[in-house]
Each structure stands twice: as structure tokens, then as C-alpha cells.
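One structure below.
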Amino acid sequence: SKLAALFEHPLYNIPIPEVTEKDKLFVVNPTEKFSLRSSGSDEWVSSSKAETLLPTGKTAYDTYPAWLKFHVGINRYELYPRRDPLMPTLLRDLATQRVVSSVQKSGGTQLKLIMTFPNYGQALFKPMKQTRDQETPIDFFYFSDFERHNAEIAAFHLDRILDFRRIPPVSGRLVSITKEIRDITTDKKLAKTFFISPAGNVCFYGECSYYCSTEHALCGKPDRLEGSMAALLPDKTLAKRRSWRSPWRRSYHKNKKAEWELNPNYCAQVRETPPYDRGHRLLDLIDMTVLDFLMGNMDRHHYETFEKFGNDTFLLHLDNGRGFGTHSRDEPSILAPLRQCCSIKKSTYLRLQLLATQPYRLSDVLREALATDPLAPILAEPHLRALDRRLGKVLAVVGRCLAG
């Protein structure tokens, strides 16, 4: 396995700093058990009262479901550890757990659902909009592109292979539109949008600002629909997140250019602006730029951080559905932060160089990682080949910076 060999490599075993209590997102009472005795709410109930004694040798933590262990494990330095024994269980839960509730997620431009499991875990479901081999039409603006379920799945694995580990776990899943959405939804607006197509398939379209109409309905075969299931981050009431506007945000206008597209010295002013004037925030943003260029994602207008950790923490790479839309062309403007700042983390650069070598070729390790997903194959071969080509272009930009 090339993937196993990659994760054994010394560059994937650089230790993170020691995690103290203040570096953890949550400080957990070690005697609190997880109880499924609902108090009538949709929240899990924690109980210090020993309603049932724990089996010998077990700790309270052992009673937590995988999603809660994932939340408890988040710290200042990483969303989940490199060698996370939890990951296979968490991905399996996303793909197989019974869905007890499906409601539309508010906000956003396209239809997404929040699905809840019997153990109170929740996932964000993005339905399939186009087939694996369809490319985004050349005349589409980036802001009117479809969001792709397979891009969300591939982005999670790519982010992990780059050793960023800043995207919450995502699994593919085949859902029943009738049993797992229509019959159990309490969302009245969503419920009104179900219909049977002339071909006898179950369809729905929800309510949103793009592509939520009869013409853009999501239809099953006859009621089966592919989608991505992303583990939700802790509720914002428990762990506040801060949203930051990217300095290299696009104009989201058909005719206007953003300032960074007009000013070649734009990075100099970014470096003087908080929070980019100290710490590793700018380098973290350039990591995200590399990820986006490899995926072809032009839609990174904002990013988030956990408020508890201030400026000294990683960026969350959320919402990757507009990646992997084209394989036949690359978008060099995505690399503007790298090109204009001529800065990159040494560890990131060394890993990118490693992924360009034959034993650890990026397309090979990602293909292997994606083969374990229930909806495999996730990416068409041309997309995997495009990754190797784009990786070469990233290394060329860094090479020019080093030479300059």
C-alpha cells in the first residue's frame, strides 16, 4: 500500500506540540457517561449519576459514540490525529447509521440537508448533482457552478494526504429519498417540494437561492440518491467559530476584478494587516491555496477558525463542493497568494515534493484512499491525472520563488 507507506514516512510523523488542557476545544469530565436516555431534546444527555455501572476496565469515554469522541479530540493543532483509530468507525457510521431526521440546512446557495442518527450524531448531506465525468461548462462563472458530492469526499481524503487534517470526515452514502428524507422530515417547506417524475422516479428540490426548482430537481433511481455525508463540527453554541473573509476573495461579479488581481504587490499590504502580520496565519492560508489549486476550487471566499484558540490555530477547510469540476484546464489565479507572497511552510513544501515522486505519487495515494468509500470510484481518472499535473505547477511556482 502506497498510502500506508506514505503515512509511515518521517515527514508524516513530525510531532505536534504537547497538548495542554487550554489547547483542547473541550475539557471533559472523565466520570461523565454518555446516556441515550433523551430528555426530550435532540441533544445527547451526559450523566454523572451512575445509572448503570460501567463494565470493568471501561472508562466513561468508552461510552461515547464516535462523533462525540471526534468532537472531544479537537485541539489547537489539529481537527483529528494522524493515526486516528476512530476514523474507520466514524466514516462507517456516516455511511450506515439509521437516519432518524432529515431537514434542510438554512442558508447557502444550494440544497443541503442535516441528517440526525439515533446516537444524536449529525451529518451534512450534499446530494449528487452531476456525474463523475461531467465537467463544469467552460462558460460557467465559478459562483454559479454546481456543488459536487464527490468533490466533498475527495477533498477530505486529499486534505488528509497533504497532512493538513482540517476538513471534517466525509463519507459517500446511497440514501433512500422516501424512507430517509421524505417520510421522516419535519421540514414543512422541504416536504412541499417532493414529486414523482414522468419516469416514475422520486424527486425533490427544496428551497435555496440557486438550483432549487422543478427544472433542477434531485431525482432518485427510482428513489436511491447518492450524496456525501460530512460529520458536523460541534454546535456553535458549544464551540464558537469565527468566520474570516479571505484577502484573496474573488469579486463575485461578472465584470469586476478584485484588488489582488490588479495589484502585483498586494501581498505586502496583507502582511501588514492583522491577523496576517504575525504568527503562521498567512502560511496556513497558503496551505489552503495549494489544496484549492489541486482541486480547482475557486470558491474560497471565507474560512473559519475556532474562537477559543485565537490567532494561533489551524484554518478549517469547509465547503469544498466546487472542487474537481474540471480536469482539462487549470486555474492559475487560485495560486495568487503563493505567487505574490513567495512563502510556504517548509513541511508543506517537503511533503509536496514527496508526493511528486514515483513511490508516493499523489494520484496513486488518493486513488487508493478513495477506493475505500462506499460510492467508489469517487473521481474519474482524468481528475486524478490532473492532480499530478497541478502538483508539478505548484512546485514550479515555489521553485521560481526560491530562484528569485
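From the backbone N, Cα and C atoms, a Cβ is placed for every residue, glycine too.
Feature annotations, courtesy of TrEMBL:
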type     : residues                                                               : note
BINDING  : Gln110, Lys126, Glu147, Ala230, Ala231, Leu232, Leu233, Glu304, Asp319 : ATP binding site
BINDING  : Glu147, Asp319                                                         : Mn(2+) binding site
DOMAIN   : 194-402                                                                : domain 'FAM20 C-terminal'
ACT_SITE : Asp299                                                                 : active site
Quiz item: Including all protein chains shown, what's the count of other C-beta atoms within 10 A of the C-beta of the residue listed as 'active site'?
Solution: 20
Exercise. Give the maximum pairwise CA distance in Å, whole number, for the residues Gln110, Lys126, Glu147, Ala230, Ala231, Leu232, Leu233, Glu304, Asp319 listed as binding ATP.
Key: 20
Quiz item: Which value does the mean pLDDT take for the domain 'FAM20 C-terminal' (194-402) in this predicted structure?
Solution: 96
Quiz prompt | Other CB atoms within 10 A, centred on Ala231 (ATP binding site) | solution = 24
Quiz item: Taking the Cβ of Gln110 (ATP binding site) as the centre, how many other Cβ atoms fall within a 10 Å radius?
Solution: 19
Exercise. Filter the binding-site residues Gln110, Ala231, Leu233, Asp319 down to the ones within 10 angstroms of Asp299 (active site), Cα to Cα, kept in sequence order.
Key: Asp319
Quiz prompt | Chain-internal residues near Glu147 (ATP binding site), provided their CB is under 8 angstroms and they sit 6+ positions away | solution = Gln110, Lys126, Lys129, Gly321, Arg322
